[in-house]
Structure formats: C-alpha cells, structure tokens
C-alpha cells in the first residue's frame, strides 16, 4: 500500500509541476492547486498510514499521528487562499495587459469572441 | 567602570545640536562642545587617576556567541589619540561656528561631526576587534555624510561616494582579516590578540591576515595606490578637511597599524609591504603637492605624503622608529589642522584658494600670515619647530635601516627625496599665497577674520612652537605611555631634543633644505615639465570603473532575471530536482525496514482515480474546462483518501475547500480564454516532461523511503495532554486551537490578508464578459433555475445549523472553526449562485472585510486575555459547568479562539468569492461606489 501511495503522490506532483511550467496563467494556477494536493498528501503521510485510528481520545488504541493532520488542515485552507490570490492576480493581469501569458507580454488576443465585443 | 561613557557622551552629543539650534548659532556651538569637553575631562581624569602600568579595561557582554563584546580600553595609545580627536574636535567646533554661512544647516553639520567623533573615539578605545570594526565602518559612513555636506555640488557627492567606496571596501577586507585573526587566536579580545604575536605569525594564515588588515589600513590612510580618494574629499567644507585629514579619519588606518603592531609586526613581510608602501606614498604625495595650485589640494597631497612617512616608520618597526612615528602623529595633527583652518580662513576672506590668484596677502592679513608661515615651517621640517624634531628622527631611522640588504640605500634616498619635496611645496605655499606680488585681484578684498575663528589656529601654532622648543615637557609622559602600548618588551630609552650635535641626519636635513629651496626656484620649469604628461583625473578613472561595474552587473541581472516567469519556474524546479536527487543519492537503500501494509480494492480504485485525474488534468490542460473537471476529481478523491487513512477533520476540510476552489476557478475561467493556444515547442514539452518526471520520481522515492522507515513522532505528547491539558478529545483540533494556537493565529491572519489583497486587486477591474460559450452558443436564459433556488434556500438554515453543530463539537469530535466556517461560506455562496448577486446583495447587506478582521481580532484578543491572568500569550483554560436539563457542559476558552477562526474563514472566503461574483454584475467592486 505504501508503494502505491508514494507512486500516486509522485504522479500528482509530476502533473502539477508540468502544469506550472506552462506559459499561460490558468494552467499554472491549476498546476499549483494540483501540486498543493500532492504536497498535502505527502505531508499527511509523514505520520504513517493508519487505518481506523482517528485521533479522538478514548475511541481506540492505535491513534493516527495528529500533528501532520493539524499542519495539513491549515495548509489546505492557506492553499485555497494562495490559489485564489494567484487566479485573481491572473485575471487582473489579463485585464490590464490584455494577455494571459505568464510573462506578461502583450501578445495576441486568443479568444475570437472578443473581437466582436 | 565608566569607560563606555566616553563614546556614549560624544554619541549623546549627536542629538544636542538639533535641540540647541533654536537658541542661535553661538548657543548651538557651545552646547555641541559640551559633550566632547566633558569627555575630554573624563579622559584626563581617568588617566591621571590611575596607576601607570595597568591598562584600564571594561567590558559588557553583547553577543557572546559571536565573540562580540562592548569592551573598551584606555591605554597610552588610546589616550594619545583621544586627546587629538577630542581636543582638535573642540577647536573645529569653535572654528565651524564662524566658517559656516547662514544658509548652511549648522545643526546638521554638528550632528554629523559628533557622529564621526563618536566613531573615532570608538575605534581608539575598542577592546574588541569586532567592535573596533563596527566603529571603523561608522567612520566611513559618517565621513560620507560630512564630505557630501554641500550635497548640491556634484564634486561633493562624487568625492563622498569615492571616499565611501574605497574606505568601505577596505573595511570589508579588514573584517575578513579580523575574522582570520579571530580564527587563529580563538577570540576577538584585544588583550589576548596583542599577546598572541607568535601564534599569529606562525600561522599559515598569516600572509592573508597581513594583506587583508593592511588593505583596510592603507585605504583608510590614503596610502598609494589607494590615495586617490583623499584629494577629492577636499570638496568637503574646510572644517571637515581639517578634522578628517589631520587628526582623525586618515589617522584611523595609522592607529590600526599601531594597535595591532605588537601582534602582527616583526616579520619580513610586514616590513617590506609597510615600509615600501609608506616611502612610495611619501614621495608621490609630496611631488603632487608641489604641483598643485589649490591650497587645499596642496595640503591634501601633503597629508598623503606625511601619512606615508608615518607608515614607513611603522614598517621599520624598531622601537625608536615607533617613537618617531607617534611623535610625528602629534606634530602632523598640530600643523596640518592649523594649516587647513588657515586655508579655510583665506578662502573665506579672499573668496578663492587658488594660489595663482592669491599673493601679497601678508599686507592685508598679517597675523594669519605669521601663523600660517610658522605652521608651514613646521610642515617643511625646518628648525626650530616640532616638525623638525620628528623629521630628524625619521632621517636617523632611515639612515640606520638595515632592510633590503644591498639595496638598503633606497630607504634614506626616498626619505631624503620626500623631505626635499616637502621643503619645496611648503616654500611654494607660503611664498605664492603671502609674499609674491599678486597677478590678479582676488574676488574679495581679504581682511583678518574674527578673532574666535583665528583662535584655534593660534592655539595649535603655539603648541607647535612649544613642542619644538621644549620637546621634553608636555607630551613626553603621554608619548611614553603610547610607546609602551605599542612596543612589546622593554621600554626603550628615548630623548627628544632639537639639537643632537652634528650627525648624519642633520647633514641629510641640511642637504634636503638646500635642495628644496633650489626646487622651489625651479617651480616654473617643473610645471612645464609636468605639462607634457596627460593629466590623469582619478575621478574619471574611478567613475568609469564604477560605471563599467554597474553595466556588468546589469547584464548579469538581465540574463538571470529577464522577466519571464516560465524561466524562473524552470530554474526553480530544476534546482529543486537536483537538490532532492543529491539527498536521495545519499540513502543506502530506498526501502526501509518496515514492511508494507496489504492493498485492498478500494485503495487501488482510489489510487487509479487519482492517477487518472492528475494525468488528465495535465494532458488536457489546453481544454481548460475539462482540465478543471479532472482537477475536481483529484480533489474529491484526496478528501476520500484522508477519510480512508484516519483523518476525518482533513476529509471534511478538503471536501468543503474543494467546493469553494472549484466555484472560484469556474468563475475565473468565465473571464479568461477557454482554451490555451498551442505554443510550446516540442523541445520545450520534452524538457518540461523530463523535469516533471524527475520531480515526481524524487517525491515518490522520498515518500516511499519515509513510509517504510520507523517513525519517532513527538505526537504522543499531544495525545497524552489533549484531554488533561487542552480539555478536548479531538487531538487535531486541540493542536490547532491550543498547543499550536500561535501558528493558527498566523494562518488566519494570512487568510484575511489574502482576502483583502484580492478585494484590492478586483477594484475597478474591467474584463471582457463573453456572451456565448466556446461553441458560440448563447448562455441559457434561465439564469436562476427554480429548482436550484428552492433547494438552496431550503438548505441554507439547515447548512447554518450543521455548521454551528460542527463548530461546537469540534473540540471533541471531528469539526471545528475551519470546517464550520467553510460550510457556512459554501451555503451562502450557493445562495449567491442560485439567486444572483443582486438578490443576495440586497439581503446580505454588509461588507465581509470587517468580519474577517473581527475574526482575527477575536482570536488575538482571546490570546491576549491570558496575559490578564498572568499566563503567557494564548494560554487556554476550560471548565465544566452543570446546567439544569442539559447536564454537564464543558466550556473552553479555546472555543472563543475557534470562533475567531470561524469568522475569519467565513469573512475571507466570502470576500474572495462574493467580490469576484460581483464582477459579473453592475455592482463591480469600485471605490467610488458606496
């Protein structure tokens, strides 16, 4: 099970990294989100993989490690804030520069519908 | 011990002028003079009140781990320099009062001057090498401020910058040298270092130490080839020149060589470098002093020359040479300070300091003429003044020098040449300024300055005469103590006198004087001879060098930081892969000792879904909506993964965050292009796939390595203490709101800040809103489907109730402020979606920013409350209450903290989403609209 878990984390990471290397803002933000999922899974597993062991005192004998859980919990929320900030920054950049290229260059307007507007 | 009071007093003096200037310029000058006067009295009091042999030391701990102490010492060497710094400093303060014009800010000048004085006092009293270095750098900075005092003039700014660059670079070399000394000796304590001569000179690092320390000293003391900053520093007001270049700044380098003399000198390396540099500097400076036409220029190069003289004496290094060096330091300070001030008076009264425009001033300014001439005679080294005595001592040592074997004659030759040139430029200075018939009228008709302005010059000239005629009297005990501090071993015999009988030094002196007179008579021919050389202005060379350096750095930056995020990301990821690969390569084997758990079908299915979702998100990224849908699959399965591996809190959080994230990204996508154009080249794709695969492989290996190794977690503490210490059974929640509450507080603050930043980014943002989807179909007319409206409205109270329940039970069961906040936010957003922003806005007529802020404030306040009861920040408490009908209930202060989290999460999430949603309506976030 551990091997499968590690491979899954690795593939999610790889997909996220690939997307963050793209040249347009939206895929980069999606990639960051995917990467943060992978990182959360990775950090979460630092306490080991426990079955039926929620860290509620008095419910069972073998507790899961609560510390990585607490850290990941806040990481999830902060990750959301980060994603939100990045995507809105991307929107702002598009609004101000007219392009959604990550390098901020004023290039082509890809959306054909925009010419009609 | 009260030694630290000496630098502290002058430092307090920095603030006096700004306060005292209200009382007028004279009051300001007097008030400023108080601090150094008291400090001078204190120095004398200490000195007279203590036993001769003992060095006064005092030290306070500062950064013991780094060997830095606030340690001060007062020995003979410090005393000698303190008297010069404080004494001449007082005279400068008096002189400045009459020198500065009404337009110049006197308080600013005095503040800079006092800062500089503090730095100098600090250097000479430091008993710790690092502390000394700190003051050393402070002199560079404060002298920069002083030299650039007339900052409206380009020459002042450029001169100041050059001085700062050269001495600052030397300061860095000195720091390196000091750190090497610290490494060899094991401490930065001055006393220990001074006693470690054998240890340091035997060390293989010794050559590096010598070169680095001397780089610091030579740049500060304007030794060839680092001398060029000093003439350009003459753009400063004359009191600054008089102070910096007679008694202080340039003497700091000399002081450093003297201070470290017992530890570093006595080797061939030291002698060769220091003596030769000194002699070359001496002749070089004297020659250019002879050719200059600006009074201050002549004095500047003369200063360089005399510093070279002192340096060469330090290089010779025997005890008689040290005595001569120390004695010449006093003499040079006396005559050079008075000459600079006299030059300032002439400039002030005649309106120019160009000797070609001056002449015949002896008729108009007889007293100044007499004073200047006496000081000039001292500078030239003519009898019967102080300059003559120290120069005779210098010649004696030069003639007796046994250095350089068969080339030993080079030392007296260069010494004689320097002396000859000194006589020549001194004669020229006096003759051209005062006695030659004027060739043209000076801009102003000169007259004698006010008496107080002349007084410092009078006093210093009087000292020159007294020291010359009665050399044994006042300075002997001070000199004796200074020698004792710099020469290790037996105290040498010495005798200062004008007349030593006819000896080689006297004969050399006579020859030098005769030669100097001849050279002076040939001045015009020398100038003609010099004219055939192309003039080299150090300023242009230096500025050119600086500009080339800046251009080079700019090119380097342009290459590294070209504005392309894609390149940064590539570099970042590539370096990370490399770092992880290096770490992994160190492992003996990938798999650890722990066995693996058995697979079950559910886990396999989940993993397959995750892998498929992740890969498709990346592969289909050009079709953004599909990619986003794939991402949501990953998010949901991640939530299930958390649930599967015993983390209910995480599963709940992930689930609700997933909903919010998807809504956010869908909304954003509405305003962005629906497809990504195909623009990456094949090579780029291959490169990125390789990087991504490497990264994923490294993470997977790392993850597997950790999972198969034994875990020594610190979590048992939290599990054991959760109920007795935190009053909650849900350990994760207790960690969040109690054990690591400070972290959580920081995190909700970040969340609120992100919300505010987004609110600001959305302000006045105008984006194109497509009327159709990608295939050109119009959006559905039914913007608010009835079914969704009904369901969402029905669900709202239920969702709020659930979130309240989850919030309350969070301390003991899965739940808590984060999750409850997210559920509330999701319910409200559902309302926005089903009914439209306008409808929701009317009913939820309040701003979300204050809610987020209130949440952070509430949590902080809860933490602060524990201070009221004398506990550390964020200490929590809990108790059980018995309520009729309901029964036992437990209330914890952490619940209030959690309430703050709840509010912050609700506020921040809605701030982000509701404001983004408003972009689709006329209610765009806009500052102008109420």
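Cβ atoms here come from the backbone N, Cα and C positions, even for glycine.
TrEMBL annotations: computationally assigned, not manually curated.
Taken from TrEMBL as is:
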type	residues	note
TRANSMEM	B:6-21	transmembrane segment
DOMAIN	B:66-110	domain 'NADH-Ubiquinone oxidoreductase (complex I) chain 5 N-terminal'
TRANSMEM	B:70-95	transmembrane segment
DOMAIN	B:126-404	domain 'NADH:quinone oxidoreductase/Mrp antiporter transmembrane'
TRANSMEM	B:162-185	transmembrane segment
TRANSMEM	B:205-230	transmembrane segment
TRANSMEM	B:242-263	transmembrane segment
TRANSMEM	B:298-316	transmembrane segment
TRANSMEM	B:367-389	transmembrane segment
TRANSMEM	B:409-434	transmembrane segment
TRANSMEM	B:455-474	transmembrane segment
DOMAIN	B:609-674	domain 'MrpA C-terminal/MbhD'
TRANSMEM	B:651-673	transmembrane segment
DOMAIN	B:684-766	domain 'MrpA C-terminal/MbhE'
DOMAIN	B:788-910	domain 'Na+/H+ antiporter MnhB subunit-related protein'
TRANSMEM	B:814-832	transmembrane segment
TRANSMEM	B:852-874	transmembrane segment
Among the ranges B:66-110, B:126-404, B:609-674, B:788-910, the one whose Cβ pairs under 8 Å to the domain 'MrpA C-terminal/MbhE' (B:684-766) are most numerous: B:788-910
Overall pLDDT for the domain 'MrpA C-terminal/MbhE' (B:684-766), taken as the rounded mean: 89
Distant-in-sequence neighbours of the domain 'NADH-Ubiquinone oxidoreductase (complex I) chain 5 N-terminal' (B:66-110), which means Cβ under 8 A and at least six residues beyond its ends: 3-4, 6-7, 10, 16-18, 20-21, 25-26, 28-29, 32-33, 36-37, 39-40, 43, 46-47, 55-60, 117, 120-121, 124-128, 130-131, 146, 149-150, 182, 187-191, 237-239, 242-243, 246-248, 251, 255, 258-259, 326, 329-330, 333, 337, 341, 344, 348, 449-450, 452-453, 455-456, 459-460, 478-486
Any contact, the transmembrane segment (B:367-389) to the transmembrane segment (B:455-474), with at least 3 Cβ pairs under 8 A: yes
Secondary structure tally of the domain 'Na+/H+ antiporter MnhB subunit-related protein' (B:788-910) (DSSP, helix then strand then coil): 86 helix, 12 strand, 25 coil
Tertiary contacts of the transmembrane segment (B:6-21) (same chain, 6+ residues out, Cβ under 8 Å): 27-28, 30-32, 34-36, 38-39, 42-43, 72, 74, 82, 86, 106-111, 114-115, 117-118, 121-122, 125, 135
Distal contacts, the transmembrane segment (B:651-673) - CB-CB under 8 A, six or more residues away: 624-625, 628, 631-632, 635-636, 638-640, 642-643, 767-770, 806, 814-815, 818-819, 822-823, 825-826, 829, 833, 909, 912-913, 916-917, 919-920
For the domain 'MrpA C-terminal/MbhD' (B:609-674), residues assigned helix / strand / coil by DSSP: 56 helix, 1 strand, 9 coil
DSSP helix/strand/coil residue counts for the domain 'NADH-Ubiquinone oxidoreductase (complex I) chain 5 N-terminal' (B:66-110): 30 helix, 7 strand, 8 coil
Residues in the domain 'MrpA C-terminal/MbhE' (B:684-766) grouped by DSSP into helix, strand and remaining coil: 67 helix, 1 strand, 15 coil
